[in-house]
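Q: Below is a structure I'd like to ask you about.
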């Protein structure tokens, strides 16, 4: 890890976090239901993009931190954009509000939809490749 890698991850993380905040606010203005739609959409779209770009960039698990493109985009932007911890917090909040069934549905739907979105992104990149 070099100081330049750290800089790219920090810059990318800031951009991704701002994107998550902006999209979350927009979704929150229009969706007022119990289901945490903003976090769900952010995580699913992020999974799609990381699946797509990982194939497009030819990134394997062991080398995803190595280059400016990988560090800045995959780890930085998409790491800042997606939010596993907010998904967990949303589920805990739903459970504390007596909506345990919705919390379980949210977690299962998030994981399965995220896996499908990442797979779909990877397949699209392979088709274009």
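Note: Cβ is positioned from N, Cα and C throughout, glycine not excepted.
Not measured: the values here are computed from a predicted model.
As listed in Swiss-Prot for this protein:
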TRANSMEM  4-24  transmembrane segment
TRANSMEM  39-59  transmembrane segment
TRANSMEM  65-85  transmembrane segment
BINDING   79, 82  Na(+) binding site
TRANSMEM  104-124  transmembrane segment
Q: Going through 4-24, 65-85, 104-124 one by one, which has the most CB pairs that fall under 8 Å from the transmembrane segment (39-59)?
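A: Most Cβ pairs under 8 Å with the transmembrane segment (39-59) come from 104-124.
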Q: Which sequence-distant residues neighbour the transmembrane segment (65-85)? Criterion: at least 6 residues beyond either end, Cβ under 8 Å.
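A: Residues packing against the transmembrane segment (65-85) from afar: 1, 4-5, 8-17, 19-20, 39, 42-43, 46-47, 49-50, 53-54, 57, 59.
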Q: Determine which residues of the chain contact the transmembrane segment (4-24) at the Cβ level, with the cut-off under 8 Å and only residues 6 or more beyond its ends counted.
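A: Residues 38-39, 41-42, 65, 68, 71-73, 75-83 contact the transmembrane segment (4-24) from elsewhere in the chain.
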Q: Let me know how many other Cβ atoms fall within 10 Å of the Cβ of residue 82 (Na(+) binding site).
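A: Around the Cβ of residue 82 (Na(+) binding site), 22 other Cβ atoms lie within 10 Å.
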Q: Which of the three DSSP-derived classes (helix, strand, coil) applies to residue 82 (Na(+) binding site)?
A: coil
